[in-house]
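Taken verbatim from TrEMBL:
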ACT_SITE  D128  active site, proton acceptor
BINDING   G11, R72, C73, G102, E103, G104, S105  ATP binding site
BINDING   R21, A22, V23, V24, R25, K155, G186, A187, E188, R212, K214, I215, N216  ADP binding site
BINDING   E103  Mg(2+) binding site
BINDING   T126, I127, D128, R163, M170, G171, R172, E223, R244, H250, I251, Q252, R253  substrate binding site
DOMAIN    3-276  domain 'Phosphofructokinase'
Amino acid sequence: MKRIAVMTSGGDSPGMNAAIRAVVRYGIKSGLEVYGIRRGYAGLLDEDIEPMTFASVGGIMEKGGTILRSSRCPEFVRKETRAEAAKILKKHGIEGLVVIGGEGSLHGAMFLEEEQKIPVVGIPGTIDNDIAMTDMSIGVDTCLNTVVDAIQKLKDTASSHERAFIVEVMGRSSGYIATVSGLVTGAEAIIIPEVPVNYEELANKLLEERERGKINCIVVVAEGAASAYTVARHLEYRIGYETRITILGHIQRGGSPTAFDRLLASRMGVAAVEALMRGESSVMTALQGGKITTVKLDEVLKEKKRLDMELVKLAGILS
Ligand code: ADP
């Protein structure tokens, strides 16, 4: 193998740059030529491809987002489009591809290998922590820290005005961000897609807490469970005091990656290049019990990562 390429695809997450840096630098140190594909699969189809150097990835580790940029490319679900992409990779002499992205991007990578025999290695990058077989994905830790910082600030103002704050966080199908951020900020309630919500019980709990003298109240809701407006509508008339809504939105995707995410991304970037050089393909780098390993993409993608219900229990016990 002489030449490989790296791309970021789908929703971006903090730490992707550290992963790009590791792939490029470790690849070059291992005697490979490393190319960067800009704007994910859409950029690949446009042949938006450039050689990367040791210097071109200097000073990027601390930056949020992705220097290669990202995109959504709906036509990549078509087999003919993937055949076109494989032709372009071959034309540029690219013999191995590292795809950094979420579930959708990893699906694209898996099909590219299956149908076109392009060796691919995926690196899980998503803030949702919804990718199976890896304890963490790149970006999750930074996102959690952003959310915790925001909730902490809301708690200050909630205490001053004796209000309830409803904070909507990301997580379309996973309540991980809501559960962990709620747990570590001592939120009064956490609403997630995995657990049905009973507004009557929730309102009673908040009223009891108020009677006990609690002057602030934070309810964290995962976007996939309900919108903050819906939660407010259900709660306000039951609790009889004002609520305020904060939707954290895309600030959760940004920011300088934490030390944890930089380290995870660096380790996974190196592991991805090593896997390609060993001749592995259609695998994803994974963190399992503190160690970096590789797992088959088809196994990763056949199951949804389940939320650890121990965390939900813990949040309930401690709030
Ligand atoms: P993420 O990678 O963050 O989950 P998306 O789900 O939007 O983000 O996927 C990113 C891109 O990956 C899509 O725009 C598309 O190009 C490709 N992709 C997603 N799902 C598939 C699929 N089932 N088959 C092939 N390509 C896919």
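For all residues, glycine too, the Cβ spot is worked out from N, Cα and C.
Mean pLDDT, taken over the domain 'Phosphofructokinase' (3-276), works out to 96 on the 0 to 100 scale. Here the CA atom of R244 (substrate binding site) lies 15 Å from the CA atom of E188 (ADP binding site). Per the record's binding annotation for substrate, residues T126, I127, D128, R163, M170, G171, R172, E223, R244, H250, I251, Q252, R253 show a top Cα-Cα distance of 33 Å. Candidate binding-site residues: G11, R72, C73, E103. Nearest to R253 (substrate binding site) by Cα distance: G11.
Using E103 (ATP binding site) as the reference Cα, a 10 A cut-off selects none from the binding-site residues R21, M170, R172, N216, I251.
Separation of the C-alpha atoms of N216 (ADP binding site) and R244 (substrate binding site): 12 Å, rounded to the nearest whole number. For T126 (substrate binding site), the binding-site residues whose C-alpha atoms fall inside a 10 Å radius of its own C-alpha are G11, G102, out of G11, R21, V23, R25, G102, K214.
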